[in-house]
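Enquirer: Let me begin by handing over the structure; questions about it come next.
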């Protein structure tokens, strides 16, 4: 059981799918589970129901996914939840660490054609990442800095680190 955590744009979904394939495990993207369960995308849920409702659904779907096992990609804010944090203590957690600049580039927010929105989103990413760094760091079994690595290279690093951990056990 491997849980991938990190900021938006860190590569959780892309790396998770590749890692699951490499390990012969099921891949579960919690954001996709939330959208499937709710029948609408995450921005719509936030807009219609608000963040507290979204976080409640995110907690439920995250805990269920962690129970099932495989390779699980968590939403960026999921590890902040106390119950999710406790569940992460029971599994191998891979923190995909990324800079705010790279994260913004990856999620297509840097050059939106709306400079004010772009700069606000970048500053929001910086703020969120500062707030969440300790939350991501605390449960991490493995940390991979993803800024300069292709997704396949990130998977190579994770597989190598997992092999080292198994050798130590």
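Note: Cβ is positioned from N, Cα and C throughout, glycine not excepted.
Fair warning: this is a prediction, and the values are worked out from it, not measured in the lab.
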Enquirer: TrEMBL records 31, 55, 132 as substrate-binding residues. Which of 11, 16, 76 is assigned to the same site?
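Expert: For the substrate site that includes 31, 55, 132, TrEMBL also lists 76.
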Enquirer: If you draw a 10 Å sphere around the Cβ of residue 13 (ATP binding site), how many other Cβ atoms fall inside it, taking every protein chain shown into account?
Expert: 16
Enquirer: I'd like to know which of the binding-site residues 31, 55, 76, 132 sit within 10 A of residue 9 (ATP binding site) at the Cα level.
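Expert: Those near residue 9 (ATP binding site) - Cα within 10 Å - are 76, in sequence order.
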